[in-house]
Amino acid sequence: MQWTSLLLLAGLFSLSQAQYEDDPHWWFHYLRSQQSTYYDPYDPYPYETYEPYPYGVDEGPAYTYGSPSPPDPRDCPQECDCPPNFPTAMYCDNRNLKYLPFVPSRMKYVYFQNNQITSIQEGVFDNATGLLWIALHGNQITSDKVGRKVFSKLRHLERLYLDHNNLTRMPGPLPRSLRELHLDHNQISRVPNNALEGLENLTALYLQHNEIQEVGSSMRGLRSLILLDLSYNHLRKVPDGLPSALEQLYMEHNNVYTVPDSYFRGAPKLLYVRLSHNSLTNNGLASNTFNSSSLLELDLSYNQLQKIPPVNTNLENLYLQGNRINEFSISSFCTVVDVVNFSKLQVLRLDGNEIKRSAMPADAPLCLRLASLIEI
């Protein structure tokens with residue numbers, strides 16, 4: 001029964017190929033005819049309908065009937081709001097504050113974003129050691145005015161928002177309980193090897209839009225890290241080792257020119273890698289660099305590649321637009337081409353290269369039979 005199905009599949013393929021043998025581009029016409037939605041060829045991620053980095057801050061647990069009586073609102077600083085229906089939340093955002101006010105001990109969620117705060121003085125949170133979230137993004141905080149131990153007593157802190165400030169170095173020490181750390185849109189130039197030491201519970205680290213030139217081995221101890229964003233920096237090298245739990249790595253818009261052989265094997269759960277707008281060449285990539293069975297999406301667009309690097313057959317989305325690729329090698333996708341061995345690739349972007357449609361091998365439709373979008 002199995003051989004009958006295989007022979008039937010092969011026969012259908014031969015029949016389809018013979019039917020369109022007068023049109024060398026029949027496969028492209030077929031793929032376009034199957035697209036049911038509008039496609040923008042300049043959109044690097046045409047199927048991505050969500051914001052890559054959703055930015056929302058919860059408002060904390062609400063007071064419900066039957067709970068203990070709400071606390072006395074008189075302990076709330078006059079510069080802020082402490083609504084009775086959110087008894088553990090203090091809202092001090094968008095008030096032109098230049099300093100951090102007193103924080104009552106009952107607070108777990110404090111919001112100081114979008115003010116003119118320049119410093120985080122030592123001891124400012126010592127009265128509220130049960131804090132879970134601190135939002136300080138969108139201020140004018142500088143590194144020399146952040147108390148060195150200002151966060152050390154917050155043993156329950158889970159989320160810290162310090163993005164969109166004027167920080168030039170990593171804050172610390174930070175509590176081990178931290179799960180999300182937002183330091184993007186600052187002026188940080190390096191990440192010392194011990195800057196993130198002990199943060200074994202950290203799942204998301206946002207360092208995009210800084211001036212980072214080196215991260216060294218600072219990421220190795222982050223055994224729970226799932227998302228790492230280092231995009232829009234000045235990195236010339238990838239980090240020395242990746243956390244084993246990592247699923248999303250964003251390093252677009254840097255100066256990376258090489259990726260070591262088998263680099264991603266240390267992150268067996270990695271799903272998404274974005275290395276667009278770097279300085280990658282084929283000489284800087286080994287043959288097994290991207291042959292990771294877990295990868296679903298790989299973005300190498302706008303680099304200096306001349307050949308398609310070999311990828312694993314499990315890859316679903318490959319973005320190579322804006323390079324210097326001048327040949328189409330089917331072996332980059334399928335080491336063996338037949339009716340039972342094929343790539344799972346669905347989206348392939350090759351537009352903006354030096355390759356022509358006529359370079360497409362005759363056996364490409366058999367290898368890339370699951371593709372729904374191919375742009376050349």
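Cβ atoms here come from the backbone N, Cα and C positions, even for glycine.
Lifted from Swiss-Prot, the feature list:
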{"type": "DISULFID", "residues": "CYS334-CYS367", "note": "disulfide bond"}
{"type": "DOMAIN", "residues": "67-105", "note": "domain 'LRRNT'"}
{"type": "CARBOHYD", "residues": "ASN127", "note": "N-linked glycosylation site"}
{"type": "CARBOHYD", "residues": "ASN166", "note": "N-linked glycosylation site"}
{"type": "CARBOHYD", "residues": "ASN201", "note": "N-linked glycosylation site"}
{"type": "CARBOHYD", "residues": "ASN291", "note": "N-linked glycosylation site"}
{"type": "CARBOHYD", "residues": "ASN341", "note": "N-linked glycosylation site"}
{"type": "MOD_RES", "residues": "GLN19", "note": "pyrrolidone carboxylic acid"}
{"type": "MOD_RES", "residues": "TYR20", "note": "sulfotyrosine"}
{"type": "MOD_RES", "residues": "TYR38", "note": "sulfotyrosine"}
{"type": "MOD_RES", "residues": "TYR39", "note": "sulfotyrosine"}
{"type": "MOD_RES", "residues": "TYR45", "note": "sulfotyrosine"}
{"type": "MOD_RES", "residues": "TYR47", "note": "sulfotyrosine"}
{"type": "MOD_RES", "residues": "TYR53", "note": "sulfotyrosine"}
{"type": "MOD_RES", "residues": "TYR55", "note": "sulfotyrosine"}
{"type": "REPEAT", "residues": "106-127", "note": "repeat 'LRR 1'"}
{"type": "REPEAT", "residues": "130-151", "note": "repeat 'LRR 2'"}
{"type": "REPEAT", "residues": "156-176", "note": "repeat 'LRR 3'"}
{"type": "REPEAT", "residues": "177-198", "note": "repeat 'LRR 4'"}
{"type": "REPEAT", "residues": "201-222", "note": "repeat 'LRR 5'"}
{"type": "REPEAT", "residues": "224-245", "note": "repeat 'LRR 6'"}
{"type": "REPEAT", "residues": "246-266", "note": "repeat 'LRR 7'"}
{"type": "REPEAT", "residues": "269-289", "note": "repeat 'LRR 8'"}
{"type": "REPEAT", "residues": "294-315", "note": "repeat 'LRR 9'"}
{"type": "REPEAT", "residues": "316-335", "note": "repeat 'LRR 10'"}
{"type": "REPEAT", "residues": "344-365", "note": "repeat 'LRR 11'"}
{"type": "SIGNAL", "residues": "1-18", "note": "signal peptide"}
{"type": "SITE", "residues": "TYR63", "note": "site 'Not sulfated'"}
{"type": "SITE", "residues": "TYR65", "note": "site 'Not sulfated'"}
Checklist entry - Which whole-number value in Å describes the distance between the Cα atoms of ASN166 (N-linked glycosylation site) and ASN291 (N-linked glycosylation site)? => result 39
Checklist entry - What is the number of residues in the repeat 'LRR 3' (156-176) that are helix, strand and coil, as DSSP sees it? => result 0 helix, 4 strand, 17 coil
Checklist entry - If you count Cβ atoms within 10 Å of each one, which of the disulfide-bonded residues CYS334, CYS367 comes out on top? => result CYS367
Checklist outcome for this item: Per the Cβ under 8 Å criterion, with at least 6 residues separating them from its ends, the repeat 'LRR 2' (130-151) contacts 57-58, 60, 93, 103, 105-124, 157-169, 171-175, 182
Item to check | Folded-back contacts onto the repeat 'LRR 9' (294-315), same chain, C-beta under 8 angstroms, at least six residues removed | outcome: 44-45, 252, 264, 267-282, 285, 287-288, 321-329, 331-334, 341-345, 349-350
Next on the checklist: Restricting to the repeat 'LRR 7' (246-266), what is the model's mean pLDDT?
Outcome noted: 95
Item to check | Long-range neighbours of the repeat 'LRR 6' (224-245), counting only residues six or more past its ends (CB under 8 A) | outcome: 53, 184, 200-218, 251-260, 263-264, 266-270, 274
Item to check | Fewest other Cβ within 10 angstroms of its own Cβ, chosen from the glycosylation sites ASN166, ASN201, ASN291, ASN341 | outcome: ASN341
Item to check | Counts by DSSP class (helix H/G/I, strand E/B, coil) across the repeat 'LRR 7' (246-266) | outcome: 4 helix, 4 strand, 13 coil
Next on the checklist: Run through ASN127, ASN201, ASN291, ASN341 for me and report the glycosylation sites whose CA is within 10 Å of the CA of CYS367 (disulfide bond), in sequence order.
Outcome noted: ASN341
Item to check | Rounded distance in angstrom between the Cα atoms of ASN127 (N-linked glycosylation site) and ASN201 (N-linked glycosylation site) | outcome: 24
Item to check | For CYS334 (disulfide bond), the one of ASN201, ASN291, ASN341 that lies nearest, given that the glycosylation sites are compared by Cα | outcome: ASN341
